[in-house]
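Copied over from TrEMBL:
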BINDING   Gly12, Ala13, Gly14, Lys15, Gly16, Thr17, Arg125, Thr134, Tyr135, Gln197  ATP binding site
BINDING   Thr33, Arg38, Glu63, Leu64, Val65, Gly88, Tyr89, Pro90, Arg91, Gln95, Arg158, Arg169  AMP binding site
BINDING   Cys128, Cys131, Cys148, Cys151  Zn(2+) binding site
DOMAIN    125-160  domain 'Adenylate kinase active site lid'
REGION    124-161  region 'LID'
Amino acid sequence: MDPHILILGAPGAGKGTQSDRIVSEFGVEHVTTGDALRSNKEMDIGHLDLEYDTPGEYMDRGELVPDVVVNEIVDKALSEADGYVLDGYPRNLEQAETLSEMTDLDAVLYLDVDEDVLVDRLTGRRVCEECGATYHVDFNPPEEEGVCDECGGDLYQREDDTEETARERIRVYEENTQPVVEFYDDEGRLVRIDGEQTPDEVWDDVRDAIEANA
Ligand code: ADP
Ligand code: ZN
């Protein structure tokens, strides 16, 4: 079984945490736009007739990569994966419509979490600089402070995980991505999961939803 899974939720809802578990349990690939962009920096996008000929030129200048480029890269990453859990895309309704032309989804999961809980999670989040594993200083601390349990790498705090930036990211998310949640809900495909439970409890619901739908 190679399930095609989409995981939706605000920043801090637990997408990365649950995606890691989905990858171990179901043997699929974790596809995020950030990673997909980083591994396709040199891809030739000359045919799109944009300002630059590779995604890397936008990224190295700190410019936003245009939607058409992101769409192509996600398409490529999904077609190269046997099964996947897609995280961080689609961010708006237009991308959701593009996605339905690219691939068929087996399960669409939405991790539902209130804003104040999201802010607490984001400000306490720590990420391994070697393997990307995610921790929380209170809710999911590593065995040894500042050190990754998985690989021994150093943990760091993302620059955008301050309270002010977190609230702004959540606001932007609500504005752009809530319509995406409604889009799948209207299709009757959305599985709403209470993301305020413990990581293990959320995982029970996530696994059940995948097994029921894939
Ligand atoms: P996202 O990928 O949706 O932005 P993450 O998986 O990175 O979210 O989780 C955000 C933060 O919240 C991390 O520090 C993570 O350890 C913590 N976290 C994730 N799931 C839970 C949970 N169910 N309960 C408490 N903390 C959680
Ligand atoms: Zn690590």
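Heads up, the Cβ atoms here are built off N, Cα and C, so glycines get one too.
On the structure: features taken from TrEMBL.
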| residue | record | Cβ within 10 Å |
| --- | --- | --- |
| Gly12 | ATP binding site | 27 |
| Gly14 | ATP binding site | 26 |
| Gly16 | ATP binding site | 19 |
| Tyr89 | AMP binding site | 24 |
| Arg125 | ATP binding site | 22 |
| Cys128 | Zn(2+) binding site | 20 |
| Cys131 | Zn(2+) binding site | 12 |
| Cys148 | Zn(2+) binding site | 22 |
| Cys151 | Zn(2+) binding site | 12 |
| Arg158 | AMP binding site | 13 |
Candidates Glu63, Val65, Arg91, Cys131, Cys151 (binding-site residues) - the one closest to Arg125 (ATP binding site) by CA: Cys131
Cβ neighbour count (within 10 Å, all chains shown) around Thr33 (AMP binding site): 20
Long-range Cβ neighbours of the region 'LID' (124-161) (under 8 Å; 6 or more residues past either end): 12, 16-17, 20, 169, 199
Between Cys128 (Zn(2+) binding site) and Thr33 (AMP binding site): CA-CA distance (Å): 18
Closest of Arg91, Cys148, Cys151 to Tyr135 (ATP binding site), Cα positions, binding-site residues only: Cys148
Residues among the binding-site residues Gly14, Cys128, Cys131, Tyr135, Cys148, Cys151 that border ligand 2 - Cβ under 6 angstroms, in sequence order: Cys128, Cys131, Cys148, Cys151
In three-state DSSP terms, the structure that Cys128 (Zn(2+) binding site) belongs to: strand
Entries of Thr33, Glu63, Cys131 (binding-site residues) sitting next to ligand 1, with Cβ under 6 Å as the cut-off: none
Max CA-CA distance, Å, over listed AMP-binding residues Thr33, Arg38, Glu63, Leu64, Val65, Gly88, Tyr89, Pro90, Arg91, Gln95, Arg158, Arg169: 26
Zn(2+) site shell beyond Cys128, Cys131, Cys148, Cys151, criterion: Cβ within 8 Å of Cβ centroid: Glu129, Glu130, Gly132, Ala133, Asp149, Glu150, Gly152, Gly153
Secondary structure at Gly14 (ATP binding site), reduced by DSSP to three states: coil
